[in-house]
Structures are given as C-alpha cells and as structure tokens.
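Enquirer: I'd like to ask some things about the structure below.
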Amino acid sequence: MKINKNLAFCIICFPFFYIGSYVLISHYIGGDQVHYRAFYDALSSASYDAVMLLARGYVSSAEPITAYALWFGARAGFSKDVFISLINATFLTFFLLFLRRNRVHPVFVLLLLSNFYIIVILTGAERLKFAYFLFIVSALIEGRSRFFIIMASPAAHLQSFVFIPAIAIYSYAKKIFEILFTWRLNARFAIAFFCAAGLLVFLLIVFFQALLTKAGYYFSNDLRFSSLLQVFALSLISFPLLKNKMGAVLLFVYFSVAILLLGGERVNMIAFSVFTFYLLKERAFSSMRVINLPYLAALAYFSFKSFGFIRNIMLYGNGFYSV
C-alpha cells in the first residue's frame, strides 16, 4: 500500500498542534472569550431551535455554521477548550497539508504557522476560524463542491463577504479586463457570473441586518490612512511574485475600496490572507530567492508580532490586552 508522505507527516503533527492550541485556548479567558465561554456553556443544555437565539444574545452572531458547530461540541460533552483545540488542530493539519502540496520551503512553513494572523484565528477570532476552515478545505479539494463550500462560508462568518469577491476578482481578472475594454461578454462566463452573483445577493439579503451592524462598527472604529498604506505595501511586495499581474492590480483596488468602506483592521487581515494564498498556490515560496525576500521579511515581522500576542494570552488571558 502506497502511503502519502505529506498526509502522514501532517497527521503526525496533529497532536502537537492540539497541545499547542490547548495551552493557548485554556489561558485565553478574557476579552470576547468571556462571552464565548458563557455562550458555549449555555449551548450544552440548549435545544436545536434555541441555538441562534442564544448566539444573538451572547455574542451578537447571525452565522449558523459556527453556532451549530459549537452547539454540537457542547452537546457532545466536550469542554470548550478541548473542542476548539480539536478544531484548531484539524485546521492547522489541513493548512500544513496545503503548504506541503504546494512545496513551500520549510522556512516559510515555520513563519506561516507562527504568523500573527494564524495565532489570532486560533484564539481570539472565534467565528472567523470556521470561515478560514472552510476556505482551506475548499483549497484541498477539486470540482464543484469547492464553489459551494466557498459560497457557504458567510454562514460561518460574515467577513467572508469580503473574501468571496477577492477570490473571484483574482481568478477572473483577465476576463474582467476584457469586458472592461472590449465590452464583450462570453455567454458561459456570464451565466456562471450571474448564478454566483445571485447566490451572493441572496446571502447578503439573509444577513443584511447583521452585515449593516458590523459595517457600522468597523467604519466608526477603524478608518485610518495607515491601513491603506499597509495594503499598498502588501500589494507592492506581492506584485513581482504573482503570475497574474492583472489580478494583483485589481486586488489592490478592491481592498483599498473595502478599507474605505469597512475600516482596515479585518480587511488588512483578509488582504494578507488572499495575497498569501495565491502566492502559495503559484509556488512563489518553493525556494529562497532574492525576489521573495521582502515578503519573507513581512512574514518574519508577523511571526515576531505573534510573540507579544501569545505573551498577553499567558499573562493576562487576552491577546489584545493593552495597558
């Protein structure tokens, strides 16, 4: 029997991911986790029909995938720390498998696994974790099911509505430019576009009120020029590495507009995720080269930043703690 070495290696790493996650999660008891822990405790005795009502009451959540996933864990008798650590370990295992499939150099693997945003997803970003989980699963599979998993992601976290257009923009950048400059629309592309747009509009309608609340919060709390500079710098160091130059330009424009509309904190996180995803897919990090040193420096910075976040978790029970 032939053994897939990549898969075997990732499975071996699973218990280490679980232990590391459990250490962080069990110490993360402050900030938003106060409400999420109370929510999880309430779910342990809740009926199926009461889940979304509790989600709105405890954590202002309208996303059913995350709420029912937590409900399943609570009803199954898992403590929150154990259940979330299992989810985290599975997510990291899939992520590592994705990295190995795309032949990412070990130095980049270490920097990505210790990245600040990854640590945030594992600990403080409770709902966004499930959306990222769906995205990484979609990256590992083939066929139409990938499309449906991506389109289901807003039901895990509403910020997926920022992700989905970015994926479409990069994937179909050439066709978008052709339409803009020639006004010719391929029939097959048009049908696919309107079907996807229709589904996206339907999801927007379903989650409209929750989206409006979130957008208002981010707009009022995080609209800074520095966020635009950050996405510009990210685009600048990504551009030489990306094969799809048109897509890179369109992503910069898209994320700049998103920052102006929604603020920069989470949009920059999503921008970093999208640019990095396509760099990984295009195997820009398969070797150490002069051209990818700027991105290597950026990854090193985010890994260094994660140490302060982890320190805050261990000392204060909240990664975002500030004096």
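Cβ from N, Cα, C; glycine included.
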Enquirer: Of 134-152, 286-304, which span is tagged transmembrane segment by TrEMBL?
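Expert: Per TrEMBL, the stretch marked transmembrane segment is 286-304.
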Enquirer: At a C-beta cut-off of under 8 Å, are there same-chain residues at least 6 beyond the transmembrane segment (223-242) that contact it? List them, or none.
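Expert: Same-chain contacts beyond the ends: 248-249, 251-252, 255-256, 259-260, 263-265, 267-268, 271-272, 275, 278-279, 282, 284, 291-292, 294-295, 298.
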Enquirer: By Cβ distance under 8 Å, which residues at least 6 away from the ends of the transmembrane segment (249-280) in the same chain are close to it?
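Expert: Residues 98-99, 102, 104, 112, 117, 120, 128, 132, 135, 139, 159, 162-163, 165-167, 169-170, 173, 176, 215, 218-219, 221-224, 226-228, 230-232, 234-235, 238-239, 241-242, 295, 302.
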Enquirer: Which residues of the same chain, at least 6 past either end of the transmembrane segment (82-99), have a Cβ under 8 Å from a Cβ in it?
Expert: 6-7, 9-11, 13-15, 17-18, 21-22, 25, 69-70, 73-74, 76, 108-109, 112-113, 118, 121-122, 126, 129-130, 132-133, 136-137, 139-140, 280
